[in-house]
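Database features (TrEMBL):
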- I6, G7, A8, G9, A10, M11, A66, V67, K68, P69: NADP(+) binding site (BINDING)
- 2-95: domain 'Pyrroline-5-carboxylate reductase catalytic N-terminal' (DOMAIN)
- 157-261: domain 'Pyrroline-5-carboxylate reductase dimerisation' (DOMAIN)
Amino acid sequence: MRIAVIGAGAMGEALLSGWIASGVAPTDIAIVDAYPPRVVELEERHGVTGVDLAAAAGQAETLVLAVKPYQMDAILAELAGHLHDDALVVSIAAGVSLDRLQKALPGVSVVRVMPNTPALVGKGMAGIVPGAEASAAQVDRVQELLDAVGRSIITDEAHLDALTALSGSGPAYLFYVAEAMIEGGVHQGLTRPEATALVNQTFVGAAAMLAESGRSATVLREMVTSPAGTTAAALRSLDDHGVRAAFLDAVQACARRGAEMATE
Ligand SMILES: NC(=O)C1=CN([C@@H]2O[C@H](COP(=O)(O)OP(=O)(O)OC[C@H]3O[C@@H](n4cnc5c(N)ncnc54)[C@H](OP(=O)(O)O)[C@@H]3O)[C@@H](O)[C@H]2O)C=CC1
Ligand SMILES: O=C(O)[C@@H]1CCC=N1
């Protein structure tokens, strides 16, 4: 068993389906989930295998802990003392510190990761924080897994809440903006499918320009903004509504919540 995903929810499924799309054999991936119908659903959809936590602890090369933060202590307590000697534990939980993971699993190689859901389509962005017991080869293995479903950076734990506030939670902000733009189009008389197609492709095009043009977001925005034109009017309205400040506050609220979760 190469990889065991413990907690096959939204993020666990995004990662495992991204790995399968990148060439990992479904038979190399096991899942553990508290809800049996969910295990059956993922077995049927992806060809992975449901196992129990003891089997994952005893056999998996890499265990990816993808349960909700408040469920983590119970999982760690069950894993403690049952992991095989070479096990590598990767936690993706927001607000669960390396210190807490390492105290629950003394001597075990642990790495903390903050991925995001675009891993599902091979466009993920992840931050990796190696624990003190993890070898360079194990950190490389984690980075290979994340690079197979997008990109990653090695960072330090002090920056992980800020990273979460941009890339971890960030897709949700963009989906929120997309929803609002679609609603705006509907208010202007477009059908919902028309508005959805226009907005979705505009996000695809804008994201590709950010990724491929070599130009900054500022320059790309200026390219759209003709003097005294339509875009300038729209951006003036966004500024009047404090949208830029709202994003600054949202990023701060997200990072603050990550820090707060670490104390719960
Ligand atoms: N969603 C995202 O975009 C991201 C999430 N994360 C992190 O990923 C983790 C999971 O989040 P998310 O996928 O959104 O949450 P979900 O609720 O979708 O997934 C968590 C899964 O774990 C299952 N689970 C709970 N207890 C156990 C157990 N004892 N044994 C096995 N499985 C169990 C849950 O089952 P049940 O529902 O029945 O309790 C659920 O299927 C969180 O820690 C989050 O911080 C990190 C980055 C991005
Ligand atoms: O909302 C959350 O807590 C998780 C962590 C990052 C994205 N989703």
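Glycine residues also receive a Cβ, built from the backbone N, Cα and C atoms like all the rest.
Sequence features, as recorded in TrEMBL, placed on the structure.
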| residue | record | CB count, 10 Å |
| --- | --- | --- |
| I6 | NADP(+) binding site | 28 |
| A8 | NADP(+) binding site | 26 |
| A10 | NADP(+) binding site | 11 |
| A66 | NADP(+) binding site | 28 |
| K68 | NADP(+) binding site | 12 |
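Secondary structure from DSSP puts K68 (NADP(+) binding site) in coil. DSSP states for the domain 'Pyrroline-5-carboxylate reductase catalytic N-terminal' (2-95), grouped as helix (H, G, I), strand (E, B) and coil, give 44 helix, 18 strand, 32 coil.
Binding residues for NADP(+) (I6, G7, A8, G9, A10, M11, A66, V67, K68, P69) extend across at most 14 Å, taking the greatest CA-CA distance.
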